[in-house]
């Protein structure tokens, strides 16, 4: 037998052996339970392990760095320990200072405060971030999977066209005072076969301004019906609803039965149906036009069906309405019989669908329009410019999905001859975009569907998947990740929850289902897709500024390492004390470095491709610039200032070699300088304090210059501007450190005696500061002058 296989959810007749109700009656039959049910599938898929976030990768990188650092320090201690007790104490102190210096004390604070800073920015723009790690991962997104309804549309449905009396009426050109009785009958039916109700608690509010609870389509019908029938509550009271079959995705119809009381005390029942045009037409046999009732033959059904299809191709939500008066006493008795439960409370009316729901009278079509946001086309274009692939996943039909995709610029409109030929106004990605109806593959095995989706993702730059179920939605997201993409999923319904949990970043809008709300990492308000594109830009700026702050903080490590190496290899008495290390890490590096998080973007971040293959804070280019180019200059400044200061106090460079352990030995009193003067342990300690202050002031001055230059990675500093007030204050703060450190009494190891040392520092530091500023400015100029050169490949982080 050939033909399309149906799943258990679409089958009209499902029968099982040994499943009969032997006593009483059965309200339903369970054909799936546990993991096989729809809820079980969603629960199982939602519990799968999520992929790691960008912050998780960074923390893993820091863990590897800590392991390598521990191994390095272990072997360093073995090679530097000495048998002499005094030398062993000094060696242990120097190694401890180096270990503390190499530990990135500033990194956790930079990451956390950067995420908090970005979260605050997003909160000001009406974003609610539930997962801080998602803030950083969002900027790395290469694929966005979204449903157009609720994300790209305004979610403000309004009635646009009405087909009644064999005539298609445009609501915007409609004169409500000249409508006929068939039009009024259709509107009354749309208000009765309708689950939308006014929200309680709005007493005294005008009817047209009251909040409505219900589906978007039913709410649109209720709002439009108020223009003709203001007293909807009285209409529904006069037509008591005695049975209701709510709309579902399996039957695609909504059926209600109403009881109308007559003046003579009797009553009559009417049946109303609303649903897809093809389904409703299959239950209809007549069509009322004006005062006559026509036979609804196949050509007329085909004409009405074609009209419905054309409206759907125009992006309209179309529903057909039908009517029938129940005249048979047998059918009427079914609605008069009440099922009483065990607690003697009235139950619901049963078996109402056993009423003959065929031979209905077709009333007409009502189409609603859910317009896209005004700036959605610009957001889609901006998303493409940023190198992000759009994958639309919707449960709607392919015809309707194509129409919405055309309205937002994802797919180019077809030409008159039906062939997509690009013109000057069309983009290549619009022409090569595809709309795929996934219900054609629902009976295929999942790995076959996955292979097909992979081929589609690789072949088309933009894709629209229609008629997607829960498992297919989850599979599409997983397939994108298997191809190496960083996926952001936007959803709002309960069916989107597994995909939200599977994605790297789950985004939902306010007012979504409860499961989507708790499964999402970020919640957006109105115009979610436009806001998502703006959030990606904010996240990218966070990553760029974090790298700048890290490059600034790492610049002092080279000086600290070379000081340690010179102590053991050259054997000069130059040490960085523990107190100095903490002051440098916190007050010189961390606090000023945090101000770089407030720096504005120097380039158009949404014109760049996602840095998915360079997703590392500590990359080789950053380390090269920070530790080699800038770090060596700062280390050279420290050694130059040290040797000049020691020479000023009588110790020429050649006399310092070999004094590393003797200098700190309090039992040694016969150390003489280049002029024959002897230095006691107390005088050497005082000189050590002065050297410590000079070294700290040198690093602070060099870092002040480095902070000014790190504002930009390539742009001209003057054209970039100095709008970051926090960074400007940080520069003043570093200058104050250079001025105030020599005048404080705590810690004692930083005390400078006399003002001549301060004059000496300012006299010799400015050439070194100028050298750093000149070299880094020249490097940025060459980066702008020769884009794509070797210098950019090796130094632009």
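Keep in mind that glycine also has a Cβ here, set from the backbone N, Cα and C atoms.
Annotation source TrEMBL lists domain 'Cation-transporting P-type ATPase C-terminal' at 577-775. Annotation comment: TrEMBL describes 62-81, 93-115, 576-601, 622-645, 691-709, 721-744, 750-775 as transmembrane segment.
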- Message: Before we move on, state whether the transmembrane segment (622-645) and the transmembrane segment (576-601) share at least 3 Cβ pairs under 8 Å, counting only pairs 6 or more apart in sequence.
- Response: no
- Task: Grab the same-chain neighbours of the transmembrane segment (721-744) for me: Cβ-Cβ under 8 Å, and only residues 6 or more beyond its ends, written as numbers and ranges.
- Result: 587-588, 591-592, 595-596, 598-600, 693, 696-697, 700-701, 703-704, 707-708, 711, 750-752, 757-758, 761
- Folded-back contacts onto the transmembrane segment (576-601), same chain, C-beta under 8 angstroms, at least six residues removed: 93, 96-98, 100-101, 105-106, 109-110, 113-114, 117, 537, 541-542, 544-546, 548-550, 552-553, 556, 560, 563-564, 692, 695-696, 699-700, 703, 707, 710-711, 723-724, 726-727, 729-731, 733-734, 737, 747, 749-750
- Task: Determine which residues of the chain contact the transmembrane segment (93-115) at the Cβ level, with the cut-off under 8 Å and only residues 6 or more beyond its ends counted.
- Result: 55, 58, 62, 65-66, 69, 73, 76-77, 80, 132-133, 135-136, 542, 545-546, 549-550, 553-554, 557, 560-561, 564, 567-568, 575-578, 580-582, 584-586, 589-590, 593-594, 597
- Determine the mean pLDDT over the domain 'Cation-transporting P-type ATPase C-terminal' (577-775), rounding to the nearest whole number. 86
